[in-house]
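Worksheet: the structure to be examined is printed underneath.
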Amino acid sequence: MTIQRRTLLGATLAAPAVLPAGGAMAQARGPIRIAMAGPLTGANATFGAQMREGVTQAVTDLNAAGGVLGQQLAMETGDDACDPRQAVSVANQLAGRQVRVVVGHYCSGSSIPASKVYTEEGVLQISPASTNPRYTDEGSWNTFRTCGRDDQQGAVAGKYIAENYRGKRVAVLHDNSAYGKGLADETKKTMNAAGLTETIYAAYTPGERDYNAVVSRLKAANIDVIYLGGYHTEAGLIIRQAKEQGMNCTLIGGDALTTNEFWQISGAAGEGCMMTFPSDPRKRPQAAEVVARFKARNVDPEGFALYSYAAAQIWAAAAAKANTVDPRKVADAMKASGPWQTVLGPISFDRKGDITVPDFVFYVWKNGSYAEMS
Amino acid sequence: MAYALQQLINGVALGMIYGLIAVGYTMVYGIIGMINFAHGDIFMVGAFISLISFVLIAMGGWTAGPGAILLVLLVSMAVTALYGWSVERVAYRPLRGSFRLAPLISAIGMSIVLQNYVQVAQGARVKPIESLVTGSVELWHGNGFAVSISTMQAMIIVVTLLVLAIFTWLVTRTSLGRAMRACEQDRKMAGLLGIDTDRTISITFVIGAALASVAGTMYLLRYGVIDFYIGFLAGVKAFTAAVLGGIGSLPGAVLGGLLIGLIETFWSAYFSVQYKDVATFAILVITLIFMPTGLLGRAEVEKV
């Protein structure tokens, strides 16, 4: 009994002496921390999973190639559930864990408040999916994205609708989120400038299941085309309920519809629905080798996986170039040097941290899968 | 006119689901004077059990038809009722003699437990199901607008009315119902007269959960997508319905549910969709200012 107690006591006394030493070691030589932050739970969890797969693969590949500046990378994950408040607390947690770079978040509504925390704490942020212009427009040194912007995406959609549905009755709907409203407004702006005015412009409440009242309203206005700024769950329900009520209309949306979950929700009603998304990065020749590595793990790098992979890739290359992982210096290198060779092709950033060559094209849903529109 | 009629159908079908859930809130409040905040999550559990049963039946090779839906409805009612019973047994009965707030806090805890349990067991992603009941009937064609009622909407209305009729009969015409009403009026006296009050309260929870599971099955069939979080919003709406109709009153709960469904629908139909929840709750507040016990509630007589 006595011996046991003494050993215990000894161990307790010894522990504090060991810990600081270990801590200092980790600072100097330990792995460099890279984080993925996005919705791993909640309605948009499917996109968070895509992002996590992308970063996981990138970290594995970078480590296999000897790490960054001779140091291995360790991956952290943060779940914001697309909730702006949770995003801020996740951002604080990650900053507290000495993360150097965050690949994330997914929802623009999360990325924007989280970016404030990262700016203050000196963490680099590269979003593979947040398309709201405000994210980079606010002029922080640390915000980047590997995807396009809503004004670019909205311009493509608005132009297409104005050209192809001249004389038709168009409804523009949005969910009042930073992403949805931003996208809907940009589309509306381009469409109006091209001479087509929408019949209905309205917001719906996300998170509900019954949109029949809105749908009947569209039906009464004889709407031919719905442009929807919002996420796939509501888009799927709205088109399903529209077809149930006997409407014969087309739904056009943004990049958030690029998931198989959209079809699971909409069912056959999703046939012919369209969305803007960058041309499929999985099909580009420079991606073939990386895609094969994903497939070897039984993962299909759909949606945002390769955008997340590219984000980590660019950061690693910029860190090597700057010869440091100091976020501010890496950020400068990312903007100054380039183009960076990535799985998406060569990417350069402008002064704000946006990619210089966005490439939105139209995709269409057919028989439960989506393909680039010819 | 045709448009208004279409919106009326939409509103009634939505309101019926709210009403079914609201009955559970109101019954429990009536008998033990407590708001069962876990009731919305019992509804969610009911929806999940229906989903699992549908999948099992499909795996057994039974193509969906009226028989399959009826079977799922019964299985889901039975299993969900078991959940309702367990919740009462575990979280509320031990606190029966405690101060008033204790079971309320326990209910909120139970709600979190159920949500997280389903999230962990079933995953956080949405669970879709193919539409099993399809088709719709065109009722009337006026001013270039076709009024239609989908088979599913009709089914919701019919099933809800049927289930409510059965349970109204149970409460008003059977000895079990008499015991429930006796407990509601004076639990101590009922106990003295030989009614097993604990058992009666348990049965109340079982009935409430069974009704919520019917709502869950209908919800699943109607919208085709569920997740672990649906109980929250539906629960809040149904609770509002129960309060609007007069908490403690069975017809009040159904009336409240219908009203909430209709207010939401008609507000979305004619005014700004964004403000529909504001409108719903504004009407609730105004009603409660002028009728503090709700539309059909009776003022509680405090006996001295």
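Any Cβ shown, glycine's included, is placed from N, Cα and C.
In TrEMBL, the feature transmembrane segment is placed on B:201-222, out of the ranges B:201-222, B:223-244.
Long-range contacts of the transmembrane segment (B:99-118) within the same chain, counting only residues at least 6 positions beyond its ends with a Cβ under 8 Å from a Cβ of the stretch, are 32-38, 40-42, 44-45, 48, 83, 87, 90-92, 228-229, 231-232, 235. Within its own chain, the transmembrane segment (B:279-297) is flanked in space by residues 240, 243-249, 251-252, 255-256, 259-260, 263-264, 267, 271, which lie at least six positions past its ends and keep a Cβ under 8 Å from the stretch.
Note: the stretches the transmembrane segment (B:68-87) and the transmembrane segment (B:201-222) are in contact (3+ CB pairs below 8 A, sequence gap of 6 or more).
Only residues 6 or more beyond the boundaries of the transmembrane segment (B:12-35), in the same chain, are considered here, and those with a CB under 8 A from a CB of the stretch are 42-43, 92, 96, 100, 103-104, 107, 153, 156-157, 160-161, 163-164, 167, 180, 183-184, 187, 200-201, 204-205, 207-209, 211-212, 214-215, 218-219, 222, 234-235, 237-239, 241-242, 245, 247-250, 252-262, 264-265.
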